[in-house]
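Engineer: Sharing the features that Swiss-Prot gives for it:
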{"type": "MOD_RES", "residues": "16", "note": "N6-acetyllysine"}
{"type": "MOD_RES", "residues": "16", "note": "N6-succinyllysine"}
{"type": "MOD_RES", "residues": "127", "note": "N6-succinyllysine"}
{"type": "MOD_RES", "residues": "127", "note": "N6-acetyllysine"}
{"type": "MOD_RES", "residues": "141", "note": "N6-succinyllysine"}
{"type": "MOD_RES", "residues": "141", "note": "N6-acetyllysine"}
{"type": "MOD_RES", "residues": "159", "note": "N6-acetyllysine"}
{"type": "MOD_RES", "residues": "169", "note": "N6-succinyllysine"}
{"type": "MOD_RES", "residues": "183", "note": "N6-acetyllysine"}
{"type": "MOD_RES", "residues": "183", "note": "N6-succinyllysine"}
{"type": "MOD_RES", "residues": "256", "note": "N6-succinyllysine"}
{"type": "MOD_RES", "residues": "256", "note": "N6-acetyllysine"}
């Protein structure tokens with residue numbers, strides 16, 4: 001059975017229910033949170049049953065997924081209370097179009113088995129990417145206080161070093177800056193990623209530092225799941241703590257709007273892990289997962 005959730009009441013109940021399953025449900029919780037705040041990406045939430053759902057899938061409307069090669073748009077966020085038994089639901093052709101290039105995102109590494117099994121059945125190849133998920137301390141305090149029990153947060157800690165404000169000006173990104181983000185984004189560098197970046201800039205709060213030329217030298221964006229993403233710094237401005245300043249400022253901005261604040265870092269990116277530690281972001285290992293699926 002497949003049940004699209006209609007109306008504000010159902011979606012608010014879903015958000016409340018997902019909140020009880022954090023941090024395992026974070027990627028879906030963040031997406032549903034923004035569906036309930038105007039749904040700027042025009043997404044839908046589908047469950048296997050209601051109200052006692054086992055699995056929830058959030059994805060774009062069918063009419064928005066017309067490009068079979070655009071996995072940036074053809075993206076599904078998934079949370080399951082029963083990852084071992086969600087394979088049948090995920091395999092339903094009305095739910096996920098396995099003939100497209102697509103990506104699945106989840107805070108649950110345990111979904112891997114179901115996705116790998118489906119790859120064999122539906123004949124597509126799958127590449128899993130796993131990263132460290134970080135939650136801002138303020139968000140963790142509100143949503144998952146148990147994650148902070150063993151953490152000692154200094155009351156005035158978590159702030160970046162001051163920057164030269166004569167030289168750099170805090171600002172927001174403009175859609176004309178998308179090419180810059182696309183050039184340095186690990187998952188980007190193509191025409192479809194450029195369109196996705198443009199949409200994120202037009203839709204969600206962004207943050208950047210403008211350099212002496214009045215153009216961005218460092219930036220941070222947000223995606224449809226509410227995650228801070230695509231941070232970058234021009235090579236000649238690296239190692240000056242600018243990205244720490246931008247991410248701190250962006251997190252403050254999102255926090256003031258009442259948004260859950262979280263991000264991810266590659267296991268090999270020690271500089272960004274150190275930065276997350278400086279800003280007192282709370283690490284949740286193995287909790288950022290993406291599966292890129294390509295039909296054979």
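All positions are counted from 1 along the displayed chain.
Using the three backbone atoms N, Cα and C, a Cβ is placed for every residue, glycine included.
Quantities reported herein were computed from a predicted structural model and do not represent experimental measurements.
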Engineer: How many other Cβ atoms sit within 10 Å of the Cβ of residue 127 (N6-succinyllysine)?
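Structural biologist: The Cβ of residue 127 (N6-succinyllysine) has 10 Cβ neighbours within 10 Å.
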Engineer: Find the shortest Cα-Cα separation between residue 169 (N6-succinyllysine) and the modified residues 127, 141, 183, and name the residue that gives it.
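Structural biologist: Out of the listed candidates, the nearest Cα belongs to 183.
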Engineer: Please list residues from the chain of residue 183 (N6-acetyllysine) whose Cβ is under 8 angstroms from its Cβ, counting only those at least six apart in sequence.
Structural biologist: 189
Engineer: Here's one to test understanding: among the modified residues 127, 141, 256, whose C-alpha is closest in space to the C-alpha of residue 16 (N6-acetyllysine)?
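Structural biologist: Nearest by Cα distance to residue 16 (N6-acetyllysine): 141.
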Engineer: Other than its own, how many Cβ atoms are within 10 Å of the Cβ belonging to residue 159 (N6-acetyllysine)?
Structural biologist: 14
Engineer: Do you know offhand how many angstrom separate residue 141 (N6-succinyllysine) and residue 256 (N6-succinyllysine) by C-alpha?
Structural biologist: 15
Engineer: Taking the Cβ of residue 256 (N6-succinyllysine) as the centre, how many other Cβ atoms fall within a 10 Å radius?
Structural biologist: 9
